[in-house]
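A short worksheet on the structure shown next.
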Amino acid sequence: MDTPKHTCLKLEIPLGGGKPEPVFVKGTWYPTRFDISITDGLHAWTCHATEDEVKERASSWDQSVSDYVDLAEKYLGFQQPGSVYGFPEAGNGCKRLSWTFEKEGTKLEWRWKCQPSPDSKKTTAEVLDFLMEANIRLSEEVVWKTQSFDRVKQEAEKCLAQSEKLNSEKSVFESEIYGKFVNVLNSKKAKLRELRDRLSKQATAHQLPEQEEESTDRTESFDEGSDNEAEQNNGGSSKDAPSASKPRGRKRK
């Protein structure tokens, strides 16, 4: 057997054409039927919708039994905006509970006749007991959720404080690392400049001897050429010298 669901709805309904007064509607919902208990605090009424009655109503509205019960629970479990609720007299102390809803643009109304409770005091007490138990459950749930919220809030504050601490430590660490990196980088740059200067000096020192050798080679070749020319000049003079120094004599006749 399925466990029934229970709901309780407070309605402000004009009774006897007067000002609206509170009425409590308690519903007990089964898969194929439902029971309704209604009290205004002084009098009480009940409605027991049997399976046959629900099936007949559902058939007349072209609905399945489960859809009919679900829709009735929707409107009697929670007050729906736009719905007009009524609880007028139906004769012989009976009342007729009604509510309206729209379907495919058409406004419809459901009505169920409620009989006077054989024990209004008992029916009213049952409704009040259900409300008290529901209130206790809600209060306990509120307390539990409040405590859970407080715990979560404390954990969140701890996480936030830890996050801020980690961010601060991260900033300090990054500053130190960046500072060391800059120092290392500057040191590497200085060493690179020093090596570049040394290489430049070595290249300059290597070029100087080559230039001196080239200038020496050029000088020696120039001297050798001068000596050859001198020798050639001297040689030519020695050949011509004897003829020039040869004594000239007179021919004898």
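Just so you know, glycine gets a Cβ as well, placed from its N, Cα and C.
Features of the protein shown, as given by TrEMBL:
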DOMAIN    23-117  domain 'XRCC4 N-terminal'
DOMAIN    150-195  domain 'XRCC4 coiled-coil'
REGION    198-253  region 'Disordered'
When secondary structure is assigned with DSSP, how many helix, strand and coil residues does the domain 'XRCC4 coiled-coil' (150-195) contain?
46 helix, 0 strand, 0 coil
Can you tell me the mean pLDDT for the domain 'XRCC4 N-terminal' (23-117)?
93
Pull the DSSP breakdown for the domain 'XRCC4 N-terminal' (23-117) and write it out as helix, strand, coil residue counts.
23 helix, 45 strand, 27 coil
